[in-house]
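The structure that follows is given in the form of structure tokens.
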Amino acid sequence: MSSSTVITNIAALVTNDPSLGDHSPLGLVRDAAVVVEGDRVVWTGESSKAPATDNRVDADGRAVLPGFVDSHSHLLFAGDRTEEFNARMSGRPYSAGGIRTTVAATRAASDAELEAGLTRYLAEALRQGTTTFETKSGYGLTTADESRALRVAARHTDEVTFLGAHIVAPELADDPAAYVDLVTGEMLDACAPHARWIDVFCEKGAFDGDQARAILTAGKARGLHPRIHANQLSYGPGVRLAVELDAASADHCTHLTDADVDALANSRTVATLLPGAEFSTRAQWPDARRLIDAGATVALSTDCNPGSSFTSSVPFCIALAVRDMGMTPDEAVWSATAGGAAALRREDVGRLVPGAYADLTLLDAPSHVHLAYRPGVPLVAGVWRRGVRKV
């Protein structure tokens with residue numbers, strides 16, 4: 001039998017269970033404790049009521065919240081696009097290939113190089129409180145390169161997404177229909193065994209609504225669950241397609257009609273917002289307030305990728321969401337934990353309740369609000385993943 005540990009003297013415990021504590025969506029418990037046994041939470045509540053345990057950890061009056069759930073990232077890549085970012089931020093034209101630059105570098109990298117990069121970024125995210133990671137392929141765009149990326153990812157996370165439909169592969173740029181046939185045929189056959197999800201970039205210059213529907217429908221037929229890059233750069237069919245196909249998440253959601261917002265609010269599809277992308281491209285911010293007020297479920301994620309959002313920091317994204325997207329600190333923290341779990345259709349992460357994984361983030365602050373109140377400050381003082389302290 002596993003030994004038990006109580007983490008006690010917690011100033012403010014975010015459980016994301018509204019039946020607990022202050023009965024808010026965060027289920028905030030003051031002067032709290034958490035009991036962990038093995039890889040699971042077995043008890044949460046007030047410190048004075050905590051059961052006896054084998055071990056004790058003193059939180060010393062600091063805040064504890066669920067480990068962040070980063071439900072959208074692109075960590076399987078090689079190369080660097082510093083010059084592109086520098087030119088964009090300096091207002092200079094830049095003619096290099098964008099995603100295609102990363103595709104070329106990723107194809108040229110060895111498996112060991114891809115894995116080293118992935119593990120480096122995962123460790124970086126873990127140090128900042130992220131305990132559940134989704135990541136995608138999408139920088140290979142050949143059957144061999146997409147499938148090897150997914151095999152590498154599957155060694156490190158259960159949340160692996162096949163994104164062969166990121167852009168049309170450069171060698172088939174003049175024949176996008178042939179590339180869709182490749183993605184839905186040979187490439188899907190090779191990639192489906194290594195992924196849980198299928199994704200598509202539904203946007204002008206990438207894949208239109210009909211192409212996206214064909215790709216996601218083919219993936220569903222192979223047992224992959226759909227998610228979609230939707231309505232990032234322009235108004236389009238992505239969000240409504242996500243709802244139609246019961247996608248777990250529609251990601252970006254910057255350009256939304258009233259009908260798009262209503263569709264999300266009346267569905268299980270989560271609107272995953274990615275403020276790192278807007279920060280890094282100086283683009284229009286998504287209107288989180290509009291979505292939340294309409295009743296949509298919102299998640300916050302990093303979109304960590306080498307081109308448009310090279311950050312693995314969920315705390316940074318929380319601060320951006322509060323400052324620039326109309327979210328309250330409570331809403332942003334919920335969206336980065338329970339919201340991310342909803343975007344992955346998970347109930348065992350993003351919450352600190354009996355039966356959930358013991359994924360906890362300890363802050364060097366008395367309240368979760370400090371994540372937005374003190375942007376840029378390294379507040380994460382400890383991280384437990386599956387009951388084991390990692391930081």
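A Cβ is built for glycine as well, from the same backbone N, Cα and C atoms used for every other residue.
These came from Swiss-Prot, pasted as-is:
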BINDING   H72, H74, H229, D303  Fe(3+) binding site
BINDING   H72, H74, H229, D303  Zn(2+) binding site
BINDING   R81, Y139, H166, Q232, S308  4-imidazolone-5-propanoate binding site
BINDING   Y139, N305, G307  N-formimidoyl-L-glutamate binding site
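Are these features on the surface or tucked inside, and what touches them?
For the recorded site, H72 (Fe(3+) binding site), the DSSP three-state label reads coil. Counting every protein chain shown, the Cβ of H72 (Fe(3+) binding site) has 31 other Cβ atoms within 10 Å.
Cβ-based neighbour count (10 Å, all protein chains) for H229 (Fe(3+) binding site) stands at 30.
Taking all protein chains in view, 25 other C-beta atoms sit within 10 angstroms of the C-beta of H166 (4-imidazolone-5-propanoate binding site).
Around the Cβ of N305 (N-formimidoyl-L-glutamate binding site), a 10 Å sphere holds 27 further Cβ atoms from the protein chains shown. In this structure, N305 (N-formimidoyl-L-glutamate binding site) is part of a beta strand by DSSP.
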Using DSSP and three states only, what is H166 (4-imidazolone-5-propanoate binding site)?
coil
In the same chain, outside H72, H74, H229, D303, whose C-beta lies within 8 angstroms of the Cβ mean position for the Zn(2+) site?
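So the additional residues around the site are S73, K136, D251, H252, L274, A277, S301, C304, N305, S309.
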Out of the binding-site residues listed (H72, H74, G307), which are within 10 Å of Y139 (4-imidazolone-5-propanoate binding site), Cα to Cα?
H74
What is the maximum Cα to Cα distance, in Å and rounded to a whole number, among the residues R81, Y139, H166, Q232, S308 annotated as binding 4-imidazolone-5-propanoate?
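Roughly 21 Å, rounded to the nearest whole number.
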Cα of N305 (N-formimidoyl-L-glutamate binding site) to Cα of R81 (4-imidazolone-5-propanoate binding site): how many Å, rounded?
10
